[in-house]
Amino acid sequence: MQQLPIEKYSELLTKKQQKLTALLAPFNAPELSVFVSPVQNYRMRAEFRVWHDKGDLYHIMFNQQTKQRYRVDCFPIASLLINRMMENLIPLLKEQEILTKKLFQIDYLSTLSNKIIVSLLYHKTLTEEWQAAAQALKVRLEKLDFDVQIVGRATKQKICLERDYADEVLPVNGRNYVYRQIENSFTQPNAAVNCKMLEWAIGCTKNSSGDLLELYCGNGNFSIALAQNFRKVLATEIAKPSVAAAQFNIAENGIDNLQIIRMSAEEFTQAMNGVREFNRLKGIDLKSYECNTIFVDPPRAGLDPDTVKLVQNYDRILYISCNPNTLCNNLTELTKTHRIEKAALFDQFPYTDHMESGVWLIRK
């Protein structure tokens, strides 16, 4: 992996700031708050293909322009923990053929709390013999002071030696929040910038009245931190593992005013409007919620037209976006009813064109 252009970090970030400012200008956005990233070792997860070469074994990636593969022995954007694991794991794997045969990918998920999950992906069925070898590997890594979980994956097969999650601890405004992160589920890749996003969101919603609704809350990353600013919080999520992690996180952080329901945004809209009833909502009185603030963090495609209409029903909208172009598409409609009170750029992905942004909208 080539060295990072650290000396150009500020210049590259300024270009992003200028680009986002120009995109938001038609919507009368205030001056951007800009949140910087660490200049290296900021990424908490990484995925690599594995190359087998005459008895040798190493991580590879592909050049996005030329599609040529290149060897990766260290990865400066990834956490120090991932780099140390990469260095130690490969020699240990090579000692046991059953662990390297048909191995085609290695995924790493690390935490600020110094835990790491290593997922080994295979083009073969995993046997008890593989499991025994993987267990021996885990013991060897633990002797090297790694707090490690190993997960084996193959077609229609997943083997956890102990567990498939790691508990992250994020410092936010002087308080530590525990977040259970599940292997192969979405987590924010840049933990340092995630903490800044949470602090910004808490600052926007301070002194809020009423309740908060969050669509697609994942493991509760935002709703758990924001719960302090609201009477009650209602959050939806469709992925079962994320719901389970969110329930753990609610209990672990002592949050008593947050309810997670497993349903899509469309289903939730039907339930709120009384169009149909859902067994999943038994015991939850939707009418007891006075949600006048809504939080959305949609995928790159942004909000679909129906969800935009739903969101416009709320007096205050907190919108986190990973794609400024689709954010602006949505703002064309949203700014007909709301004005942008605050706007922010979060440098989740240094040295790339990707921009994570946030807008805080208030009804006109």
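Placed from the backbone N, Cα and C atoms, the Cβ positions cover glycine too.
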Can you find which of D285, D297, D304 Swiss-Prot lists as binding S-adenosyl-L-methionine at the same site as Q188, Y216, N221, E237? D297
Rounded to an integer, what is the Cα-Cα distance in Å between Q188 (S-adenosyl-L-methionine binding site) and E356 (active site, proton acceptor)? 11
Residue pair D297 (S-adenosyl-L-methionine binding site), C322 (active site, nucleophile) - Cα distance, angstrom, rounded: 8
Quick one: Cα separation, N221 (S-adenosyl-L-methionine binding site) versus E356 (active site, proton acceptor), in Å? 16
Restricting to the same chain and to sequence separations of six or more, state which residues have a Cβ under 8 Å from that of E356 (active site, proton acceptor). V193, M197, I320, S321, C322, L345, F346, D347, Q348, F349
Quick check on the binding-site residues: of E237, D297, whose CB has the lowest count of neighbouring CB atoms inside 10 Å? D297
With every protein chain in view, what's the tally of Cβ atoms within 10 Å of the Cβ of Q188 (S-adenosyl-L-methionine binding site), excluding that atom itself? 25
Y216 (S-adenosyl-L-methionine binding site), number of other Cβ atoms within 10 Å: 18
